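First up is the structure itself, then whatever we jot down about it.
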Amino acid sequence: MAASDTQSTSDETTPLVGSDESRYIPKDQIEYEFGGPIGALGMMIGFPLLMWYMWISAQFYNGQFALPSEGQSWKDFIIDDLFSKWVEYGIPSFGNWAFFTGFILIQALFYVTLPGVWTKGQPLTHLNNKQLPYFCNAIWSFYTSIVLSLVLHFTGVLPVYYMLDNVGGIMTTAIFYGISLSIILYLICIFVTGDYHRMTGNHIYDMFMGAPLNPRIGKYLDLKMFFEVRIPWFILFFLSFGLCFKQYETYGYVTPQACFMLYAHWLYANACAKGEELIVPTWDMAYEKFGFMLLFWNIAGVPFSYCQCILYIAYQEPEVYQWSIGYNVFLFVLITIAYYFFDTGNRQKNSFRRSVAGNSQLRKTFPYLPYSDLVNPKYIKCANGSLLLTDGWYVYARKMHYTADYIQTLTWALMCGFGSPFPWFFPIFFFIVLVHRGYRDQRKCAKKYGKDWDRYLEACPYMFIPYVW
């Protein structure tokens, strides 16, 4: 869920991919992440199993950990309970396949047909410093998708809550696509196109991390951008959207908790869509490779593991999670404040990056918030030509957008309460991810900027929480 995490820049013409990069990393320079090949294999196997387990526990075990009943062996439990429920409810029907495939294809169609704006990415040394063009219209795609879903719902063609009602089968479909597309893309890059970079020579690890940097279908449909910005957050939004419709049809009203989830996921989906062109020049788009980690996680992992709050509310009766008016209002206010800092902070660092590059034309897409753009911001000029922002929210905390992002996710779980462990999966997992990324970036920046990084730390001494951490 975290947006791109660096506020440093020289300009948009400074390559992020080193000029000495080769297709294979020298053996003595390989630095494995995520536990290396064994860790990568464990995650490729473990994450799909975890997603299925959490869904089964949420739907069939009252939101508690699915465990053997008294006197039941683990073998019988796995075969008779878990596997049988997966077979009955988790194997996709033709409708599930058609729905998810259609959703992906429609989003791809919107990507290449709806209005938008053009921007350019970072110069890429593996393409002789070429800057790839990006067409950004996710905001149009988002609201067109909402209108289309409402038309289909009220004409009786497809209820808005179809995905929520069939979440097991559709999740399996997404898992299948995530795994199979990762394998297919890796094999094509290795044996057909030769588009692979920074490889270790270990196929398991390399497929997990990815082979290509900027895979595209045709000239403009960038797969990394497509799957990162649209698919996961649109799915989460429509699960929440469906939850509200389902509650209204079932109870005649929509609970504050369901409204909160819809509001929370609208905030994030809209933020990703409206800020799409700000993602283009980031480290993620220019440097991170596109493999299982990004492809699977965006098409399946994010939407169908981060949705546990939605599932908890969907599968429990409203009286289970009724809170006081004051508590509900507090969480609505808290997420709104956190979103303000998240939105304006990301805008500050990205508008700074683009203005330094001489490109100050940025859309003011709804909601455009006060203090989003800095006037004459302060910065440190580094010996390598880069600029480090020391103004705005970042003078208080270098990763303040991480903190604001995390507070948003925390409110999701707080709105569900403590009756089930699964709504807390995302905040716990996300905390680990953000801390890992924060200190990873610290090491990379210290290596990249040297003594200038020490100056930067003097100006911006705190990472996550002002005066604390």
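Glycine is no exception: its Cβ is also placed from the backbone N, Cα and C atoms.
Taken from Swiss-Prot, the feature compositional bias 'Polar residues' covers 1-13. Per Swiss-Prot, the feature region 'Disordered' maps to 1-20. Summarising the annotation, Swiss-Prot assigns transmembrane segment to 36-56, 97-117, 138-158, 174-194, 225-245, 290-310, 322-342, 415-435. Sequence annotations record features per position, and here Swiss-Prot assigns NADP(+) binding site to K349, R353, L389, H401, Y402, D441, C445, A446, K447, K448, Y449, Y456 based on similarity to another entry.
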Report task. Determine the most Cβ-crowded residue among the binding-site residues L389, C445, using a 10 Å radius around each Cβ and all protein chains in the structure. Result -> L389
Query raised in the report: Given the transmembrane segment (97-117), which of the listed stretches 36-56, 138-158, 174-194, 225-245, 290-310 has the most Cβ pairs that are under 8 Å apart from it?
Result: 138-158
Requested in this report: Decide whether the stretches the transmembrane segment (415-435) and the transmembrane segment (290-310) have at least 3 CB pairs under 8 angstroms, with pairs required to be 6 or more apart in sequence.
Outcome: yes
Requested in this report: Rounded to whole angstrom, what's the largest C-alpha distance between any two of K349, R353, L389, H401, Y402, D441, C445, A446, K447, K448, Y449, Y456, listed as binding NADP(+)?
Outcome: 23
Requested in this report: Work out the three-state DSSP category of Y402 (NADP(+) binding site).
Outcome: helix
Query raised in the report: Who are the long-range neighbours of the transmembrane segment (290-310) in its own chain, taking Cβ under 8 Å and residues 6 or more past its ends?
Result: 1, 34, 40, 43-44, 47-48, 50-51, 54-55, 58, 104, 164, 167, 171, 174-175, 177-179, 181-182, 185-186, 206-215, 223-224, 227-228, 231-233, 235-236, 239-240, 243, 261, 412-413, 415-416, 422-423, 425-426, 429
Report summary line: Most Cβ pairs under 8 Å to the transmembrane segment (138-158), of 174-194, 225-245, 322-342, goes to 225-245
Report task. Based on Cβ atoms within 10 Å, give me the single least packed residue among the binding-site residues K349, K447. Result -> K447
